[in-house]
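Novice: Before I ask anything, let me first share the structure, which is written out below as structure tokens.
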Amino acid sequence: MEEIDISDKASKRKGKLTLVLALAVLISTFGSSFQYGYNVAVVNSPAPVMQEFYNQTYYERYGNPIEDSYLTLLWSLSVSMFPLGGFFGSLMVAPLVNKLGRKGTLLFNNIFSIVPAVLMGASEAAKSYEIIIAARFLVGICAGLSSNVVPMYLGEISPKNLRGAIGIVPQLFITIGILVAQIFGIRSILGNTRGWTLMLALTGIPAVIELVFLPFFPESPRYMLIQKGDEEKARKALQRLRGWEDVDSEMEEMRLEEQSEKAEGRLSVLNLCSFPSLRWQLISITVMNMGQQLSGVNAIYYYADSIYGSAGVKESDVQYVTVGTGSVNVFMTIAAVFIVEASGRKLLLLIGFGICGAACVVLTIALTLQGDAEWMPYLSIACVIVYIIGHAIGPSPIPYVVTTEMFRQSSRPAAFMVAGSVHWLSNFTVGLVFPFMEKGLGTFSFIIFGAICLATLGYIFIIVPETKNKTFLEVSQLLAKRNKTEIAVGSGSSTVNDLKPMNSKTDAKEGAVDMARRL
């Protein structure tokens, strides 16, 4: 039958990485995700120089040296304003992507990069550390928006067979941004009294590049069709992205998704939390994002310098070792891009959290017995590197991919708003609580992080399904049984009913055939 041929064609035809798709991915990730990573690490190396600027500015204003406690407070604000801004940026995701679109939000977001870049670049001349603190909050808003909107945009413009690999590219550019900041922060480059303001201001360059070039690339076809109802623009966008004229099968799949969502409408965060068919998706993205940030990755970096020193690395050489670990992070994220479609999302999450949990346990033992054996410091360094490898292949990149795939068009903005808020609040919490943990528990802090890793692993193993190579509608149907709901797409209206689960492959195909008849 002709109808079956159409649906078979939809399932067999694989998307390819066209030039338009590749450039859209590169420009959006370099212009947005790169900035996130860069601003995570940009204040680490020049911290002593910046604190001296704070001290000197205070002395010139008040005629007295700054008190240590007040300097600590100012520096803590300079660091913590970034994740706080990230939290507020996450709260802006849903209203902006629904109003401006995915691409439009990324373009608008550059305001929160260019303005703070200018402010931070002028801070020394203005003799104001308050400008730096305010700018860090603004650039945090930029990171909060980009960390959610870029994966959403790329997930919606990618063919399903490449969605996992392309979905990891934002995390890859975050790690590249961290590495570039670490390189620029070397004392002989920009991490000195003459270069630190330029180093802070460089974050504006990717924003300008994105602002110039991204308008030439398509908006999300799913946004144009499902949310805007503009079939012609959606079709043209798909044709440009896929590199062929015949995009009927993908248009049909999007119409099926639209039909299935009519009962839901556009969901707010409050609706999202109360909607039965999305209950386990919401719990899952919350657990994964909390696990990602509470797994101890920031604590590992905090301890890294002292671990390197205990192994005999000179203080002046620690910055180069830090660049080396940043390079490992980039390399392993690149590896994840190439293996995610073959291995699947779930396996990488399980392996990643398992490696991180085991590394935390062994690191606790190695740090506790540091003085008992000459080789213990080297075991500590090995644990740091192994932990970074584990985090890079699973916990860092995959939650963004899975968040995109677990939700359909109407609920995805609110879902990213929740996921982003959990991500940044957890990040802020670790930064706030870890110094007290470290003071009270010392090296045994990592036992707690190891337990969190293993608990997250257990949840993922039991609850989270594999989403590889499935349409968004198929993933929703896959989770319907656990939610005790039904997602039905019929010839009339769509319904979401309680208790009756569906067979995802059969029902999806029947829906495609039914849609083909109506077309």
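Yeah, the Cβs are placed from backbone N, Cα and C, and that goes for glycine too.
According to TrEMBL:
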type: DOMAIN; residues: 25-468; note: domain 'Major facilitator superfamily (MFS) profile'
type: TRANSMEM; residues: 17-38; note: transmembrane segment
type: TRANSMEM; residues: 73-94; note: transmembrane segment
type: TRANSMEM; residues: 106-125; note: transmembrane segment
type: TRANSMEM; residues: 131-154; note: transmembrane segment
type: TRANSMEM; residues: 166-190; note: transmembrane segment
type: TRANSMEM; residues: 196-217; note: transmembrane segment
type: TRANSMEM; residues: 318-340; note: transmembrane segment
type: TRANSMEM; residues: 347-369; note: transmembrane segment
type: TRANSMEM; residues: 375-393; note: transmembrane segment
type: TRANSMEM; residues: 414-437; note: transmembrane segment
type: TRANSMEM; residues: 443-464; note: transmembrane segment
Novice: Grab the same-chain neighbours of the transmembrane segment (414-437) for me: Cβ-Cβ under 8 Å, and only residues 6 or more beyond its ends, written as numbers and ranges.
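Specialist: Counting only partners 6 or more residues beyond its ends, the transmembrane segment (414-437) has Cβ contacts under 8 Å with 79-80, 83-84, 86-87, 89-91, 93-94, 97, 144, 147-149, 151-152, 267-269, 271-273, 278, 281-282, 285-286, 289-290, 292-294, 296, 298-299, 302, 399, 403, 406-407, 445, 448.
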Novice: Count the Cβ pairs between the transmembrane segment (166-190) and the transmembrane segment (17-38) that lie under 8 angstroms and are 6 or more residues apart in sequence, then report whether there are at least 3.
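Specialist: Counting Cβ pairs under 8 Å (6 or more apart in sequence), the transmembrane segment (166-190) reaches the transmembrane segment (17-38), since there are 3 or more.
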Novice: Could you please provide the mean pLDDT value for the domain 'Major facilitator superfamily (MFS) profile' (25-468)?
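Specialist: Over the domain 'Major facilitator superfamily (MFS) profile' (25-468), the predicted model scores a mean pLDDT of 90.
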